[in-house]
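Taken from TrEMBL, the feature active site, nucleophile covers 233. Summarising the annotation, TrEMBL assigns [4Fe-4S] cluster binding site to 124, 125, 207, 210. Look at TrEMBL and you will find 42-213 tagged as domain 'Phosphoadenosine phosphosulphate reductase'.
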Ligand code: SF4
């Protein structure tokens, strides 16, 4: 696996072979493989959830100055912004960039109406997440995500290395086999910082208007867009 791949030069057969070889490696080796491939042309799009804390810690062991981006919709919980500051203190070499949408909330309200997330969440996610990520991925060859297969049926078939047709990029997902319990075991074992909302029944944390706590053993993403049929922000659909 010594060749550097890109979205346009990775045929399907070769992608399957890469994934077959990576299946025999542990998570840290998958991350090492990815940075060997792309170096600074690989960015980690972190949402600073529980998986994000694990991935940031593992990435920092491989490439202490890795590029990490956060899609700052201006609608996140104050606890999430607080956590990002904590992470910056703990991993000072990481290059964490807050990616901004083109429109301020006031401009969005003027153009699309009040509380767009209530009457057209797809449009809101497009403006505040998808277009900003598209711009952030311009000029880089691959991005990393903390998706896990057990998170939802829509994520059950994610591979370590994926052709991302939506963003015409390669998406690397080193945590596909991790369970929720393993994520928390790692966080607690290494005393990692995490969003305090996780201790208040928020397993999955996104923008404040679209995230509710989840009671009992419901699907961990059941609190996301609970006011609509939406289940994903669109970053991971093809
Ligand atoms: S998660 Fe909600 S508030 Fe955030 S961008 Fe999407 S629709 Fe808008």
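Any Cβ shown, glycine's included, is placed from N, Cα and C.
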Which one of the binding-site residues (125, 210) has its C-beta surrounded by the most other C-beta atoms within 10 angstroms?
125
If you run the three-state DSSP split on residue 210 ([4Fe-4S] cluster binding site), which class comes out?
helix
